[in-house]
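In what follows, a structure is listed as structure tokens, so that the remarks can point back to it.
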Amino acid sequence: MWFLILFLDLSLGQIDAAPPGQSRVIGGYKCEKNSQPWQVALYSFTKYLCGGVLIDPSWVITAAHCSSNNYQVWLGRNNLLEDEPFAQHRLVSQSFPHPDYKPFLMRNHTRKPGDDHSNDLMLLHLSQPADITDGVKVIDLPTEEPKVGSTCLASGWGSTKPLIWEFPDDLQCVNIHLLSNEKCIKAYKEKVTDLMLCAGELEGGKDTCTGDSGGPLLCDGVLQGITSWGSVPCAKTNMPAIYTKLIKFTSWIKEVMKENP
């Protein structure tokens, strides 16, 4: 099912029960502090919603299915509950979901054979640019196609358990591999298109899942994907996860940024 919305209440330090279909890091480890300075924590009002990626001091990219009526972002966070020296809070002035994304598929909370969840991408324009520091940095968009077999790293604050919701305070990283799309085509009844990347471990045990939606997938150190959807429970054998393939969207991203300075 879709990696939908995880709500974490910072004021109470509690996590609400998560609906089925969310995304989490499984089989990962605590990221080294400030090792992912482009990682964004996206909030709906005061509740944690999704991950995101800082691609420009004024722009964050995330998944289109991370929809809300109110966006706020935290930058430079490693632990979501601690006061941290590099942490920066920003409001979002505008959101730009990809025009070809089909939001009604997400709202239905169902998955049907042949459903096409392509174009799961959204740009967020910050009301004030981020301050670039040792703990907050932008990451470049890809300029070349990723290679099958590449070593990839995904990160997020999603659940570390595939069925029992257990959400970490600290940012988690997981090392996985980029697979051919044919592996995901065999795994899913939904469409797997050339606008998507297939990544994970066929033996299972390592995956992104609830709460990781919208976060980064770096392959050979290059930002190549945005966490989108996958199996439930996550990290199942022969069921890698799906990521939005950024190289297919660089022209659209640059156009939106240029037209909305």
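Cβ atoms here come from the backbone N, Cα and C positions, even for glycine.
Within the set CYS209, CYS219, the cysteine that Swiss-Prot bonds to CYS234 via a disulfide is CYS209. Cβ neighbour count for CYS50 (disulfide bond) (all protein chains, 10 Å cutoff from its Cβ): 33.
If you take the CA of ASP120 (active site, charge relay system) and look 10 A around it, the recorded positions you hit from HIS65, CYS66, CYS209, CYS219 are HIS65, CYS66.
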